[in-house]
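Input: a single structure, listed below in structure tokens.
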Amino acid sequence: MRIILMGPPGAGKGTQAKVVAARLEIPAISTGDIFRANVSEGTPLGLEAKRYMDAGDYVPDEVTNGMVRDRIAESDARNGFLLDGYPRTVAQVAELDSMLESSGHAIDAAVVLTVDEDELVQRLLTRAKIEGRADDTEDVIRKRQNVYNEQTAPLLEVYAGRGLLVEVDGMGEVAEVTDRVFAELDRVRGEAAS
Ligand code: B4P
């Protein structure tokens, strides 16, 4: 399967992506994780990305698109992949469409995790205490929520219009959310097979 996992910061994309992808035996491709790995290795990409991430802004599309294009061309992504946190802008949707078109593939589902705003902020503040991420301070969390609402929330309409949007309640225990994601993916697979 080729799946997009969407949702506001703190919705649990990264958390669910790992479990879902492992069970489906496809790679979870997290743009946030790739950026953070580059930041900690001090690569030129990491230095560029860090400026934006620390401020709660999105990394420019040109940088992000090239990185995803290279990653999904790798052999482990040939039979499917789960994109965690990409696309996040209208321009990224267009770029992903072109990547898929050139390989003759299509997205099976765009899963969006929905979580109350208070719970989102609480999760990120808790993560800040545990992981100390530079973009998990209260000001930057708010900035990221705004950037999501302005730039990424409109993408839900795009995928709904294509009949690919699957909404999953992201509140509750991690395992419960995973079960809900699989219930929806099973339904999508069932519909595709019939
Ligand atoms: P991401 O790494 O994607 O991070 P995120 O949106 O903050 O978090 P996510 O939703 O994955 O939450 P998580 O599972 O960790 O992006 C970081 C930055 O990278 C962006 O701000 C941007 O600058 C840049 N970036 C990434 N992709 C980009 C793109 N395509 N274009 C441009 N820039 C891009 O969960 C959060 C916390 O909640 C964790 O501590 C977790 O343990 C906890 N949690 C998860 N599920 C829970 C549950 N059910 N109950 C309780 N807690 C839960």
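Glycine is treated like the rest: Cβ placed from N, Cα and C.
Among the features that TrEMBL reports, ATP binding site is placed at Gly10, Ala11, Gly12, Lys13, Gly14, Thr15, Arg127, Gly172. The Cβ of Gly14 (ATP binding site) lies under 8 Å from the Cβ of Ser30, Gly32, Asp33, Asp84, Gly85, each on the same chain and at least six residues away in sequence.
Summed and averaged per residue, pLDDT over the region 'NMP' (30-59) gives 95. Summarising the annotation, TrEMBL assigns region 'NMP' to 30-59.
Other Cβ atoms within 10 Å of the Cβ of Asp57 (AMP binding site), summed over all protein chains shown, number 15. Taken from TrEMBL, the feature AMP binding site covers Thr31, Arg36, Asp57, Tyr58, Val59, Gly85, Tyr86, Pro87, Arg88, Gln92, Arg133, Arg144.
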Exercise. In terms of Cβ proximity under 8 Å, which residues at least six beyond the ends of the region 'NMP' (30-59) contact it?
Worked result: 13-14, 17, 67-68, 71, 83-86, 88-89, 134-135, 139-144, 147, 151
Seminar exercise, completed: With Arg127 (ATP binding site) as reference and a Cα-Cα limit of 10 Å, the qualifying binding-site residues from Asp57, Tyr86, Arg88, Arg133 are Arg133
Exercise. Any idea which of the binding-site residues Thr15, Thr31 has the thinnest Cβ neighbourhood at 10 Å?
Worked result: Thr15
Problem set entry | Site of maximum Cβ density within 10 Å, from binding-site residues Lys13, Arg88, Arg127, Arg133 | Lys13
Exercise. Of all the binding-site residues here, Gly10, Gly12, Gly172, which one's CB has the most other CB atoms within 10 A?
Worked result: Gly10
Exercise. Within 10 Å of the Cβ of Ala11 (ATP binding site), how many other Cβ atoms are there?
Worked result: 23
